[in-house]
Amino acid sequence: MKFKPNQTRTYDREGFKKRAACLCFRSEQEDEVLLVSSSRYPDQWIVPGGGVEPEEEPGGAAAREVYEEAGVKGKLGRLLGIFENQDRKHRTYVYVLTVTEILEDWEDSVNIGRKREWFKVEDAIKVLQCHKPVHAEYLERLKLGCSPTNGNSTVPSLPDNNALFVTAAPPSGVPSSIR
């Protein structure tokens, strides 16, 4: 895990670390998703994301993280859900982003040699299932949600205290619970 010297972790009222991530799509059809290499395990692919900084909104944090980790900018779309990881005490706000700009060189490619690659959604799920099943759940949730073209949000607009939480499945493969 990369930790910047000036980085401050933020936590919610229940002690969960606040994180944000984006499923970055090549187009609004949402059929190809961008994954990045892990900073810890460069041969493994992950969904770009990281900690929410103080005074930062989760959507802004998600856009910042994909800029730093994947070198892309785009149109931030709907909140897919808030995914809870009990083991690591994280709550990750996962957004959909349609990529509009791809940088040739970006912060993490220069500093740590991070790579990025486009995957068909089904292939990305398979790749993520091996070592980052929580990230695969983001894409599974996307498939269960509405079609990207019908204009409906997969998550209703709710205040933080009533937000939709998807709890990560235990390694045994028990399905996620929604509370």
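Cβ atoms are placed via backbone N, Cα and C, with glycine included.
What Swiss-Prot records for ARG9, LYS17, LYS18, ARG19, SER38, SER39, ARG40, ARG88, LYS89, HIS90, ARG114, LYS132 is substrate binding site, and it gives similarity to another entry as the kind of evidence. In sequence order, THR10, TYR11, ASP12, GLY51, VAL52, PRO58, ALA61, ARG91, TYR93 make up the list of same-chain residues 6 or more apart from LYS18 (substrate binding site) whose Cβ falls under 8 Å from its Cβ. LYS18 (substrate binding site) falls within a strand segment according to DSSP.
Among the features that Swiss-Prot reports, domain 'Nudix hydrolase' is placed at 17-143.
Annotation source Swiss-Prot lists Mg(2+) 1 binding site at GLY49, GLU69, citing similarity to another entry. Cβ neighbours of GLU69 (Mg(2+) 1 binding site) (same chain, under 8 Å, six or more residues apart in sequence): VAL36, PRO48, GLY49, GLY50, GLU107, ASP108, ARG114.
Swiss-Prot lists 50-71 with the feature motif 'Nudix box'. The helix, strand and coil residue counts that DSSP assigns across the motif 'Nudix box' (50-71) are 13 helix, 2 strand, 7 coil.
The Mg(2+) 2 binding site feature in Swiss-Prot is assigned to GLU65; the stated evidence is similarity to another entry.
Residues or ranges marked as Mg(2+) 3 binding site in Swiss-Prot: GLU65.
Annotation source Swiss-Prot lists active site, proton acceptor at GLU68, citing similarity to another entry.
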Site with most surrounding Cβ atoms, counting all protein chains shown within 10 Å, from the binding-site residues ARG9, ARG40, LYS89, ARG114: ARG114
Sequence-distant neighbours of GLU68 (active site, proton acceptor) in its chain (C-beta under 8 A, six or more apart): GLY50, TRP106, GLU107, ASP108
Same-chain residues at least 6 apart in sequence whose Cβ lies under 8 Å from SER38 (substrate binding site): GLN44, TRP45, ILE46, LYS132
All-chain count of other Cβ atoms within 10 Å of GLY49 (Mg(2+) 1 binding site): 25
Cβ neighbour count (within 10 Å, all chains shown) around GLU65 (Mg(2+) 2 binding site): 21
Separation of alpha carbons, GLU65 (Mg(2+) 2 binding site) and ARG40 (substrate binding site) (Å): 16
